[in-house]
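A.B. asks: One structure, pasted below without further comment.
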Amino acid sequence: MAAAPLYCVCRQPYDVNRFMIECDICKDWFHGSCVQVVEHHAADIDVYHCPNCEPIHGPYMMKKHNNWHRHDYTEPNDGTRPVQAGTAVFVKELQARSFASGDILVQMQGNQVTKRFLEKEGFNYPIVVHDLDGLGLKLPPPSFSVSDVEHYVGANKVIDVIDVAKQADSKMKLGEFVKYYYQPERPKVLNVISLEFSDTRMSNLVVVPDIAQKMSWVENYWPDDSFFPKPFVQKYCLMGMKNSYTDFHIDFGGTSVWYHVLWGEKIFYLIKPTKANLALYEAWSSSPNQSEVFFGEKVDKCYKCVVKQGTTILLPTGWIHAVLTSQDSMAFGGNFLHNLNIDMQLRCYEMERRLKTPDLFKFPYFEAICWYVAKNLLETLKELRENKCEAQGFLVNGVKALISSLKMWLRRELTQPNSEVPDNIRPGHLIKALSKEIRHLEDDSNKAVKTQGSAECSLSRSTLEKGDQAQQAARRLQDHHHHRRRHHHHHHHHHHHHHHHHSRKLPSNLDVLELHTLEVLKRLEVGQLKEDSAFSSKVNGKFKKVCPVPAAAVEASHDNALRLVMCNGKIIRERMPITNVAATVNAVEMYHKHRIKLERIPMCPEEKVKKEKCEDEFGVQCTIKKPVSQGESVQTELRTESPHLASSDSDSKAGDSAEKCSLESESSDGEDGGSQRDSGTFVEHLNSHRHSHHKQALKRERPTSPNTDCAIQGMLSMAGLLCPQASGGAADILQQRWWASQGNGSSTSSSSDMWDSSEPCSAPRSPDAEDGSLGEEYSYRESSLSPPLHPSKRHAPNPTPVSNQATKGKRPKKGQATAKQRLGKILKMSRHKGLFLMKPMVFLIPQQGGTPLDPQFLLQSSSICVFPPPLIVSG
């Protein structure tokens, strides 16, 4: 094998990393360092004579300056060629131009520039910070000089130097640049803008701003065991001579920039990276006469920003900018990729590829870091979804753009072998996983939008119909503190969503009973119940909303306004002030005396919600017991339901817990007659006593006619309507009970398109609910806004049976109903979890009673029992 040719006076082979110059006489090549010719100076030599030829042919000859406005100053100055960027003439013209003021700059304090602020407000405009305090940036003192840079970095450090007049890049040692910088006369303007010193001793003198450190992809996502070398782009030292100029450009990879002028002055010419401006920039960059066209004139606005000594500027992603050094300056800066503008960063990178930008001016291993970022963002999205946190918009948009770029890079690898996919990453699997997470986010976002949209409609409905419940709760709370008052005042309740007041008057007990009676008569086809026009006008579709319970209702739940014991339709005990302990003692006494067994009802959260809600609204719960064969009995409610529900065998089993919690009733054809007669009796009574009870809550005094008033109170108790309702909304609230029970039946029922459904719940009752308070899981599930249908015309749901430990082994056999039934067929066990089957000789101890109950009442309590949610009595 032939030996490599030797060159230069040193007789060394060719070294690609060393600058060499050819002798025009002997045609031999010489190292610039061996013949004392620097690279940037060689371009000005017209004819070079090596040291061997110089004694014979004389010294080398330099080029003549024919013009001062062209990169090639040897061109004739005939005035026909335009001015090129960077030349002396260009700089003078640039300083004379007028630009838009830098009013787009965001003036901030150092402690205000935080990651949270940028994530919330966005990083779309340049930020100027005049004080270093709070920015986290540490730099050498302003007395730090170019020679100090040489001391910390090293004189032999090879750096890239730009000849400003020619806009040409060349390499030289740092020591040579420093020597040239301190010359009294500098024939050329040299600019150093790419001295990265992270691997030098000077790195210890500089600490990058906190915002750049916390947001940087390299610092946060680049693994230590990466096959690719870690990019160092965070610490640059820029040393520029006066009149140095860098033409318009976008920093590599669309990186953002932090820039601090240690001493001197810099002038930035800024252009916003709009789509139009980016398209113009790409066309301008690829044009052959790029240096002859000032890009600032091609866009709508170009802003001028003067950065003086001690000032820091942060440039966002993609901003097109040029820099003029108006005086000798030293500055420190750095570049960083981040999550805020992923889309723009990728667009800038693809633009660099289309423009065939040399690797020297591109972000090192840009594609590799994008793969690392994609892997980490996948984990971030998973955590957000698992924690049920909403992903920020910039992150979602960035991941979408990243997925598109990753797919494109994979396709490009089929034809281009230079892959930057890390070895420990499965690209196809990663892209699929990211796409899946994005789909989850979009699905959740669509659900959130629907929920938000329905919230407005539901809250509007709540304002008109359900807002009255908050009024009722407030009234009960006031009654508890002022129970000796004979009259109640009407109060305004401030709705916590809509922030406006309701001033509607509350109806009396007779009004409520009349509305309910008319409702029952309509279902029995005796009379028609007119739909509320205000409600019907708002029925536009189906909405779902889970509304929080008003605060007044929560407080009122701790002290239930009323506890009644009824027998044969008469109120035996009313509002007896006895504690829970006293009630328990009474229960024990009743157990020993009458062999009555007390049980506590385990309730799921949803059952507790509806149970306590009904209790807060109406004050009591009532059941109608009907003896059947063998002394067993079942319960029914005042309301009726479609007949075909009674024939379902599945309804006799343990039903859905959500349905059991609702207050719903069923009726049979054979019982319509009796119900009709009883209802008619109460309608007559309502018409005669309505005005005497108007605008009054439940009376605390002995009525004038005990038998009549007891009958009214009994019907109210059986209907669950003892608490006064708001005028105009009572009928709607009554109807809503049926909606809640119908909708909570089963998610697979045939009527699921019209009525809401909820998941069955079997969680035990919380301790807070046992003492009359509301648990944390208390929520009100608003029904669909579908128009209310007549109960006999609605389709019955097919509830899914749910096992309930409290009801196992206690279901009575179906038997013949008694002759004393009043308003409906027997209520099946599957329809009410909180109402249990009891024998005729059973009563309930009130939760807040007064004096112990007379055992004589046991002989009369054969049809009606009123009991609080926590306790039931069974024989």
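Any Cβ shown, glycine's included, is placed from N, Cα and C.
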A.B. asks: Out of H321, H338, which is the one Swiss-Prot records at the Fe cation site of H249, D251?
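C.D. replies: Only hit among H321, H338 in Swiss-Prot's Fe cation site, alongside H249, D251: H321.
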A.B. asks: Just to verify a number: CA distance, K266 (substrate binding site) to H321 (Fe cation binding site), in angstrom, no decimals.
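C.D. replies: Cα-Cα, rounded: 12 Å.
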A.B. asks: If you count CB neighbours within 10 Å, which one among the binding-site residues H249, K266, H321 has the smallest count?
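C.D. replies: Counting other Cβ atoms within 10 Å of each of the binding-site residues H249, K266, H321, the minimum falls on H249.
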A.B. asks: For D251 (Fe cation binding site), list the number of other Cβ atoms lying within 10 Å of its Cβ atom.
C.D. replies: 21
A.B. asks: Other than H249, D251, H321, which residues of the same chain sit close to Fe cation? List them in sequence order, counting a residue when its Cβ is within 8 Å of the Cβ centroid of the site.
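C.D. replies: For the Fe cation site, the extra neighbours are T246, F248, I250, V257, L315, W319, I320, A322.
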A.B. asks: Helix, strand or coil: which one is K266 (substrate binding site) in, per DSSP?
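C.D. replies: Once the DSSP labels are grouped into three classes, K266 (substrate binding site) ends up as strand.
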A.B. asks: Please report the DSSP secondary structure of D251 (Fe cation binding site), reduced to three states.
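C.D. replies: Its secondary structure by DSSP: coil.
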A.B. asks: Around the C-beta of T246 (substrate binding site), how many further C-beta atoms are within 10 angstroms, looking at every protein chain?
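C.D. replies: Around the Cβ of T246 (substrate binding site), 21 other Cβ atoms lie within 10 Å.
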